[in-house]
Every structure is written in C-alpha cells, then in structure tokens.
Amino acid sequence: MAKIKARDLRGKKKEELLKQLDDLKVELSQLRVAKVTGGAASKLSKIRVVRKSIARVLTVINQTQKENLRKFYKGKKYKPLDLRPKKTRAMRRRLTKHEEKLKTKKQQRKERLYPLRKYAVKA
C-alpha cells in the first residue's frame, strides 16, 4: 500500500476507516512474518510506512470522535473533563466574571447612600 495522506482520510466514514485500519494491520503482520523469514529489503523498509499509516488512520478516527463529542456537548452545562479548557489549577478555581461582580446587600446600600464625591477644580 502507498503512503496514506491524512487529508484523504478525513472525508471517509468511520466504517471505511476501520476497514482500512484492519487491512493495514493485516499487511503489517504479513510484513513482520516476511522479516522473520528473511524477506526482501523492500518489504522491510515498508514496515515503517505501514506503521505510520496505521497511526494516521487512528489519529483521524480519534480527532473526528473528539470533534463530534465537542459538538454534542456544546451549550450543555457540564462537559467531560477532557473537553474542558486546560488551564492551571488556580485558574480553574478562580471566581467567574459574574461571581466577581456580585455585591452584598449591605455593600449595595452603602454605595447608594454614599456615592463617590466629584470635585470641580477651579482654574
């Protein structure tokens, strides 16, 4: 099999990708048998290409799966941990913008009764 390009894989359905993955794995096992039995050098160099192709197919499968999960959980209140933004621990525990703006009744009353004084400077 020739080297597979990831952009060609992205248009395919999951069933097609899984079938291609199985084909590549079978081919890899055949190449490994050829290696043990003393096969041609061309077959030995092909092992690397097939391994990388398997990795490409798996990468595309995983990326599309994660993309679909992101679409599913978009707008929902709770998301799985691996779909949440990766921040530092401190940033995750920080108050939200809304929580920071909240004021107690006492604080609201004080601000209403004693507004900030504005002074005019005589020039």
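For all residues, glycine too, the Cβ spot is worked out from N, Cα and C.
Marked as SUMO2 cross-link by Swiss-Prot: LYS25. The secondary structure of LYS25 (SUMO2 cross-link), as reduced to three states from DSSP, is helical. The number of other CB atoms found within 10 A of the CB of LYS25 (SUMO2 cross-link), across every protein chain shown, is 13.
Taken from Swiss-Prot, the feature N6-acetyllysine applies to LYS19 (among others). DSSP gives LYS19 (N6-acetyllysine) a helix state.
Per Swiss-Prot, phosphoserine is recorded for SER29. Counting every protein chain shown, 11 other Cβ atoms lie within 10 Å of the Cβ of SER29 (phosphoserine).
The N6-acetyllysine annotation in Swiss-Prot covers LYS43 (among others). The Cβ of LYS43 (N6-acetyllysine) has 14 neighbouring Cβ atoms from other residues within 10 Å, across all protein chains displayed. Under the three-state DSSP scheme, LYS43 (N6-acetyllysine) falls in the helix class.
The feature region 'Disordered' is assigned by Swiss-Prot to 100-123. Long-range contacts of the region 'Disordered' (100-123) within the same chain: none, as no residue at least 6 residues beyond the stretch ends has a Cβ under 8 Å from a Cβ of the stretch.
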Determine, using Cα-Cα distances only, which of these recorded positions is closest to LYS19 (N6-acetyllysine): LYS25, SER29, LYS43. LYS25
